[in-house]
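The feature phosphotyrosine is assigned by Swiss-Prot to Y30, with experimental evidence given as support. Feature annotation from Swiss-Prot assigns phosphothreonine to T42, T46; the stated evidence is experimental evidence.
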Amino acid sequence: MSTNTQQSKSCPIPTRVLHLKDWSQLPDCYSQTPGGTLFSTTPGGTRIIYDRKFLLDCRNSPIARTPPCCLPQIPGVTIPSLHPVSKLQELKEELEEEKELAADDSQFEMDI
């Protein structure tokens, strides 16, 4: 064990009071403040505060604009679709024709 332990001094978290004039000014989400700051807690109880400016900076960062490396190969979502739009349209038309043919048959036909 180390006998040279140093205690760090804590500093207060800067806060401001915002007085609302109307109930409609309250945020929709419980983890959001009227000023736009988001906050959260970890399972251990640590408070995480995300300032609006920080979140906007993260959104505009180059890392946020690149896709994750381990995405699944989903045609039309993560990779270009394998079938052109015209082929998909042809398949839809064929399905509609089959439904129309099935609807023309009478359900209660009898041979006399």
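Backbone N, Cα and C define each Cβ position, glycine as well.
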### Local Cβ density at T46 (phosphothreonine) - other Cβ atoms counted within 10 Å
8
### Query
Name the residues of the same chain, 6+ apart in sequence, whose Cβ is under 8 Å from the Cβ of T42 (phosphothreonine)?
I48
